[in-house]
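Some features that Swiss-Prot has for this protein:
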| type | residues | note |
| --- | --- | --- |
| TOPO_DOM | 1-28 | topological domain 'Extracellular' |
| CARBOHYD | 8 | N-linked glycosylation site |
| TRANSMEM | 29-49 | transmembrane segment |
| TOPO_DOM | 50-57 | topological domain 'Cytoplasmic' |
| TRANSMEM | 58-78 | transmembrane segment |
| TOPO_DOM | 79-102 | topological domain 'Extracellular' |
| DISULFID | 100-192 | disulfide bond |
| TRANSMEM | 103-123 | transmembrane segment |
| TOPO_DOM | 124-136 | topological domain 'Cytoplasmic' |
| TRANSMEM | 137-157 | transmembrane segment |
| TOPO_DOM | 158-199 | topological domain 'Extracellular' |
| TRANSMEM | 200-220 | transmembrane segment |
| TOPO_DOM | 221-240 | topological domain 'Cytoplasmic' |
| TRANSMEM | 241-261 | transmembrane segment |
| TOPO_DOM | 262-274 | topological domain 'Extracellular' |
| TRANSMEM | 275-295 | transmembrane segment |
| TOPO_DOM | 296-321 | topological domain 'Cytoplasmic' |
């Protein structure tokens, strides 16, 4: 039942997600592509986590943060992708009011967590390049755990504000969301209550997370750039810069798409463009992060080769004996 009658009001109990397209052929094509992307996302990030756990060579702060970023990527993609895949297979995809709240809150949690972890990783690179002699002290195990716990708390607070904002909205009219997940903008358009408080709270929370993390990243890389430019050795410059390239790529992709959706005026892009960009930063980027961090990282590639070599060697011994 999509509507619940309560006195003079009719409350919406479920929403209809329109998804990406109505074309049946395109739905099958997109289902196949996004399913493959999701499987690569989960397997790639899980492989990253396991490789970091089992490789003693990767037991460093940078990889500790990377393993949590991989976990956040799995959660972020999983908050919307399974429901999107179902949308491709059914004629009309519905999501309950509570389900919509959970989806919106989980996306806000993992999105906020990803922002904080990217900022923490930038700070880690700053300490490693600008204060290498104090690195072991400033990035001790206790400090690393505190930074990660703080990131999870930040993500939880962002999700709490988002969920409370959603629960303050009242829906009594149309229940069709022109999106593939419960995003805030289309929900605001459907609400028949005063949305000013919800918009203010959500904007404050998301804006604070974004501005705070961008500030940390910008300051960290400003000092990193100054330090690199002061280096006399060309080899030292190249080595220092190469350690930051992967992280800068991930930051640029993630914050670039967020800026397109939430900062640019809506008059400059259509709803369909919004959907495409949302797919990119919620589905594609979580798949790309393991590739970005591993392809240019010799330590990860070396650890992977060692473990694959051990596995192949052990299997050959079993076959031999």
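Positions of Cβ are set from backbone N, Cα and C atoms, glycine also.
In this structure, the disulfide-bonded residues under consideration are 100, 192, and the one with the smallest number of other Cβ atoms within 10 Å of its Cβ is 192.
Two recorded stretches are said to be in contact when at least 3 C-beta pairs lie under 8 angstroms, sequence spacing 6 or more; the transmembrane segment (200-220) and the transmembrane segment (103-123) meet this definition. Taking DSSP states H, G and I as helix and E and B as strand, the topological domain 'Extracellular' (158-199) has 21 helix, 2 strand, 19 coil. Sequence-remote contacts of a segment are chain residues at least 6 beyond its ends whose Cβ falls under 8 Å from one of its Cβ atoms, and for the transmembrane segment (137-157) they are 61, 64-65, 68, 72, 108-113, 115-117, 120, 123-124, 127-128, 131, 205, 209.
In the three-state DSSP assignment, the secondary structure recorded for residue 100 (disulfide bond) is helix. Looking at which of 29-49, 58-78, 103-123, 241-261 has the most CB pairs under 8 Å to the transmembrane segment (275-295), the answer is the stretch 241-261.
Beyond the transmembrane segment (103-123), the same-chain residues lying 6 or more positions past its ends with a Cβ under 8 Å from any Cβ of the stretch are 62, 65-66, 68-69, 72-73, 75-76, 79-80, 83, 95, 147-148, 150-152, 154-163, 166, 181-184, 187, 205-206, 209-210, 212-213, 216-217, 220-221, 247, 250-251, 254, 282. Helix first, then strand, then coil: DSSP counts for the topological domain 'Cytoplasmic' (50-57) stand at 7 helix, 0 strand, 1 coil.
Assigned with DSSP, the residues of the topological domain 'Cytoplasmic' (124-136) fall into helix, strand and coil as follows: 12 helix, 0 strand, 1 coil. Sequence-remote contacts of a segment are chain residues at least 6 beyond its ends whose Cβ falls under 8 Å from one of its Cβ atoms, and for the topological domain 'Cytoplasmic' (50-57) they are 63-64, 66-67, 299-300, 302-304, 306-307. For the topological domain 'Cytoplasmic' (124-136), the mean pLDDT of the prediction comes to 92. Only residues 6 or more beyond the boundaries of the topological domain 'Extracellular' (158-199), in the same chain, are considered here, and those with a CB under 8 A from a CB of the stretch are 2-3, 9-12, 14-20, 79-80, 83-84, 87, 95, 97, 100-101, 103-109, 111-112, 205-206, 209, 266, 271, 274-275, 278-279, 282.
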